[in-house]
Each structure stands twice: as C-alpha cells, then as structure tokens.
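Enquirer: According to TrEMBL, the protein has these features:
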- 8-405: domain 'THIF-type NAD/FAD binding fold' (DOMAIN)
- 17-22, Asp41, 49-52, Lys65, 122-127: ATP binding site (BINDING)
- Cys163, Cys166, Cys442, Cys445: Zn(2+) binding site (BINDING)
- Cys178: active site, glycyl thioester intermediate (ACT_SITE)
- 254-374: domain 'Ubiquitin-activating enzyme SCCH' (DOMAIN)
- 453-536: domain 'Ubiquitin/SUMO-activating enzyme ubiquitin-like' (DOMAIN)
- 544-638: region 'Disordered' (REGION)
- 550-561: compositional bias 'Basic and acidic residues' (COMPBIAS)
- 562-573: compositional bias 'Acidic residues' (COMPBIAS)
- 584-600: compositional bias 'Acidic residues' (COMPBIAS)
- 629-638: compositional bias 'Acidic residues' (COMPBIAS)
Amino acid sequence: MEVLSPLISSSSILVIGSGGIGCELLKNLAGSGFTAVEVIDLDTIDVSNLNRQFLFRGEHVGLPKCEVACIASRKISSTLGHTSSSVPGVGFYKPHHGNVKDNSRFSTSFFKRFTVVLNALDNVSARRHVNRLCLSADIPLIEAGTTGYLGQTTVIAGKQTECYECQPKPTQKVYPICTIRSTPSMPVHCIVWGKELYKLMFGDATASMLFEDTVESDEPSTFMEPVVDSRLKPTDSPSFDSIKSYAVSALTALYTTEINKQLSMDRYKGAAKVPVAKDIEALMVKAEEWWKSNEPPSTKDNGEKIIWTDEQCCHELFSIIKEVYTTSTSPPALFTAATEFDKDNHLSMRFVTAASNLRASIFSIETSSFYTAKGIAGNIIPAIATTNAIVAGLQVLELFKILKHGVSKIKGVCKFTYCLRDKTRKGLFLQPTSLVSPNEKCYVCRNARVVLSVNAETTILQTMIDDILKKKMSFNSPILQIGCSQIYEDGEEEYEVNLPKLLKDLPAGGIKDGTILTVEDFEQDMEITLEIVHMEFDEEDENQFIVGGDKPKPKPSKSSEKEEDDVPGDDNLGDSTAGAADANDNDDDDDIVEITEEDNANSLRTRKRGRSEEDDGAVAPKKARGGGEDEEAAIAID
C-alpha cells in the first residue's frame, strides 16, 4: 500500500452511476484514500433502492442519487483525515446530476480530466456512449455489471483490449404480434398486451400495437371506438358519472364484446383452452360496492404480492382511470408519446397488472401479482447486494493494477473476471481470464467498414437517422456525407428538407446499392464508413434493415423458396439482428422480449445472455463460463 498511496493521491477518478454497484464502488474508493472523485448520475432515489443501495436512507427518497452518495462518500473519506481533493481542478466527491450523454456538459474534454473512468451503469445505450468517449479521450475504462448472483468486471483500453462494442450483444426473445393480440398462452403475452393497452388508453394511441385504423380496416376490433375515440378530456373536468361510463364501456369492449366476436368467428376452434369472455357489468357491480368505502387492493397491506381477483382488477382499473382524469397523478402529457409505460411509475404498473390479469383469466392463463408482473414488465434482473459488492471490489483491484503498472501494461496485468453463482470444477467462484485484443471488424475502436442492408427505395432518411443511426448504432448527432457532399447534419435546419425523402432520391446521387456513406459524430469524436446494400424485405417484417454482417446474398426466387435461406453472419458491428430495438434500455422480459410482426412461431429468434449486468451489462468474451457450463437465462424481477 506504501507504493500505491502516492499514486492514489495523484489520481483523479470519474464514476458513472451511483446505484447498486455505484454505492459499493464509492464506498471502496473513499475507504481506499481516493479524494479526487466526481460522479455522474441522472436518477433520483426510489424507495425500492433502499434494500441494497446502502448509502441512501428513507429521508433521501426523491433526491438525486449522486448528490446523496457523494455526501456519504465525503463522510467516509473524512474518517481517514481527508477533507478536500488532492488533485487541482477535480472535485472532492463532486456530484453531477445529469445524463452522461449530454455533450454540452460531459464531452471528451471533460473526460480527459480524469486518470480512469469506472462504470456502474444499467443500460446498453449509456455504456456505448461512455465507451466511445473513453476511446476518444484515450483513458482506461473499468466496466462492471451484475445479473443476480452473476457478475463480471473488465478493463477497456484503446488499441490494447476489446472495447464494449467489439462483441455482439444478445438478441431479444421474439413474440409475434398475432400472439399478443389474439392467442396468448403465457403470462408474459398478457403483460405485454397490458403495456400496449396503457399506451392505447393514455398515451399516443397510434403507437400502440393494439391500434387499428377503423376507416381502412375491413374488420376493425370492437374496442377502438369505446377505448380511443371516446377518450375523455381532462381539461373538461369530467364528472364521476362520465368517467364511470367511459370505464365500463371501454372494459366491456375489451373483455366481453371483442372476445365474443372472436369466438363467433371460430377464431379459437380447436384451441386446447377456449377463452371465456368476462361479464364486466357484473364484475363492476361488485367492484362499485367497494369504490365508496375502500381503496384499491394495491394500497392494502401485502397488496402488491397477492393475486387480485377479477373484481379487484376491475376496482383497480376504474380507480386508475378516475385518478388519471381527476387528480394530479395523471400523466403530464396525456394522449401523447410522452406518456409511456414506466415500470417505476406506480400508476402505470397497477394498470398493467390489473389489465393483464383480467386477460389472463379469460384465456385460462396463470395470473400474476403486482410484484411478479413488475418483474416481467420491466425485466429488471434481481439485484443482489453482495454481488454488487464483489464486482465493485474487483473494479478497485483492477484500478490498483493500472495505477501501479501504468496504462501501457493494462492488457498484460489486468483481467476479465467472472463472479459465479456455482463454483467451477476447481472450486472457484471468481474466474479471471486474460483480456482479449480488439476485434478488427469493430467499427467503433478499429474504424472497420460497416455493411448496412436496407431498402433504399422505400426507406426515408428520417427513418435511417432515427431507427438505424441513433437507436441501433447509438449515434448522438450524426452528420452524413456522400463523397464530398453533406446531405444531413443533426440540428441544422437547412438539411431538414431531406428528412422525408427516400434514400434513393437524396442529393449527390442518393443512397443506393453500393453507396459509400460517411457518418460522423463530433460529440463522440467518431467517424465510420457505411457500405450500403439494397435489400428488399417482406412487408410484414418489423425490422427493415440489417446492420453488420457480410454482404447478404439475394433472396431465392419462388422456385427455390424451399431451399435453405442464406443468413447474414455476425461481422463488422457484431450484432446482425435485423434492426432489433435496444431493449433498452428499458422494456425487456424474462429471457428478454421483443414484439415483431412475425406470424410463424417457429421463426422466433432467441439467444441466451452472454453477459452479466445490473439491468444491462458488459459483454463477456467468448470464454468458458462457470467451468464450461451454459449460463441459465435470468428472469427479471425487481
């Protein structure tokens, strides 16, 4: 420690995230003598954090995590006699309450002030951004993540080791939309349906998978008019009777009329279990008896862990609808895209639990408690405090190695370490492996050319910017060039005229098969080259592009449809899923869930997690895990 003490005093550390891992990490840093530490975190403290994020107390609920964590860290540091930062220009456990992706505050120049960056993040998008900033600033990044009892720690150093994006991310489990809408067979199907119903009733209805254009549809569902067209206006201060009338009408259409319509069309002929429509009016009569003298079941003792009856679900749904239209708990931007399901929003989670359970009951599917439904709806891996403590400790040990041996020796002295639930054949619960060299086909750290397969004749530039470059590839402010001609720059009005144009109709000859497109992002100090391959996709495909992989071969003709299709392999990007959304970052499910338009259940694409994380974590290299045994897919429970 005598050798490390002066190195610790002269080091400046940036910690990103002050949640489960972050609290443990800050405690370790403060106890080890680090004083020049700054912390970035966007979140505020929720009561659910208190069971494992030990720097927080009940009186801190609602306060920024980073501010409270820094106050606690300064107290720990003061017990060692430290009262200020030992590095000029760097704060003494200084908090930054904000989004790490805000380039106006946290640019490359901001990162260059620090010796090492330690990640304690919980989503892929932010991890990608920090990865790119550290590569740009040429400073080491120590990454960590946990999934229940599993965890891992690694070190990323430009030109020496793999970066965060060198290896593929697991794809999402896929459930066809037709299954969600019409033929559910699992609790998760009903919970996803409940999330979409929340959007249909209170958010941007057109963005819900349950939405139908009643004008163009030949056989529109019976619930569109009573659920969407009859939505009340909070500004009109609707009466109790009008709210009750809307609730009864909407729920009857959803759980009675629509089910009976499908039954009359023999939709479920031959089904193992034929659905039975609910008598909403009868259920509401019972529920109405409680409205005058009782609170919803979710407010009762243990109400979040019991299974609500059908009457209680109706009671809950009516109470929520009433709250939305009459109290300050209503979403701030009702009927807009801003009103999205949030598993941490108690009102929206109550709605999804009640709505999904009524639907599950109709189809003879096991119903879920509020607690279980929240886990499935939010896909939050159970956070184990001891696992967080272990990986945070491993991060600091790797930090000591970097300080002692220098940045240039990282690949030789640092390790990628797995924290295992079950010991290996050698009796180990911690399994270190050597760091891997950069993937030569990584477009982030090796500037490799990326193949983008897209239909240039039907895709507009707006879609390419939003869905491909920003959502899929995590660019913040992309600039696009064809040759020497710039066709788009984020935030510049003069280029907005190009957004609604088809790719093939853009200036400078357009984006077509064989076009070489340069994409630059000054905020991330990053430039890549896209090689465009024109590809036609089936209309029912949810994903209309493929990022990465070798140049795909043309689809076989009808005469050879029975032959095996050529599947693009993982290549430059390392994630050749056809435009799968970053689950982001938020809405996954047990084994991760993604909704697509596929009708063939045999086409479901699944892959076991090859990583550990708190929500979403670092990607593990393709080494033996746990003595060579496959990792079990984790179920999300918060």
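The backbone N, Cα and C atoms fix where each Cβ goes, glycine too.
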Enquirer: Provide, as an integer number of angstrom, the distance between the C-alpha atoms of Gly17 (ATP binding site) and Cys442 (Zn(2+) binding site).
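Expert: For Gly17 (ATP binding site) versus Cys442 (Zn(2+) binding site), the Cα atoms are 26 Å apart.
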Enquirer: Can you tell me how far the Cα of Cys163 (Zn(2+) binding site) sits from the Cα of Ser125 (ATP binding site), in Å?
Expert: 14
Enquirer: Among all the protein chains here, how many other CB atoms are within 10 A of the CB of Asn51 (ATP binding site)?
Expert: 9
Enquirer: Using Cα coordinates, what distance in whole Å links Gly20 (ATP binding site) and Cys445 (Zn(2+) binding site)?
Expert: 29
Enquirer: So, by DSSP, how many helix, strand and coil residues make up the domain 'Ubiquitin/SUMO-activating enzyme ubiquitin-like' (453-536)?
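Expert: Final tally across the stretch: 24 helix, 28 strand, 32 coil.
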Enquirer: Just to verify a number: CA distance, Asp41 (ATP binding site) to Cys166 (Zn(2+) binding site), in angstrom, no decimals.
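Expert: Their Cα atoms are separated by 25 Å.
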Enquirer: Express the distance between the Cα positions of Cys445 (Zn(2+) binding site) and Ser125 (ATP binding site) as a whole number of Å.
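Expert: Roughly 16 Å, rounded to the nearest whole number.
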Enquirer: Summarise the model's confidence over the domain 'THIF-type NAD/FAD binding fold' (8-405) as a mean pLDDT value.
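Expert: Looking only at the domain 'THIF-type NAD/FAD binding fold' (8-405), pLDDT averages out to 86.
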Enquirer: Which whole-number value in Å describes the distance between the Cα atoms of Ser125 (ATP binding site) and Cys166 (Zn(2+) binding site)?
Expert: 15
Enquirer: Among the binding-site residues listed here, Gly17, Gly20, which has the most company in the form of other Cβ atoms within 10 Å of its Cβ?
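Expert: Of the binding-site residues Gly17, Gly20, the most buried by Cβ count within 10 Å is Gly17.
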Enquirer: Around the C-beta of Cys442 (Zn(2+) binding site), how many further C-beta atoms are within 10 angstroms, looking at every protein chain?
Expert: 20
Enquirer: For Ser125 (ATP binding site), list the number of other Cβ atoms lying within 10 Å of its Cβ atom.
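Expert: Within a 10 Å radius of the Cβ of Ser125 (ATP binding site) lie 18 other Cβ atoms.
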Enquirer: In whole Å, how far does the CA atom of Asn51 (ATP binding site) lie from that of Cys166 (Zn(2+) binding site)?
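Expert: Cα-Cα, rounded: 35 Å.
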Enquirer: Can you tell me how far the Cα of Cys442 (Zn(2+) binding site) sits from the Cα of Asp122 (ATP binding site), in Å?
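Expert: One finds 23 Å between the Cα atoms of these residues.
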Enquirer: When you average the Cβ positions of Cys163, Cys166, Cys442, Cys445 for the Zn(2+) site, which other residues in that chain have a Cβ within 8 Å of that mean position?
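Expert: The answer, listed by sequence position, is Leu135, Glu162, Tyr164, Glu165, Pro438, Asn439, Val444, Arg446.
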Enquirer: To the nearest whole angstrom, what is the C-alpha distance linking Cys166 (Zn(2+) binding site) and Asp122 (ATP binding site)?
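Expert: Their Cα atoms are separated by 19 Å.
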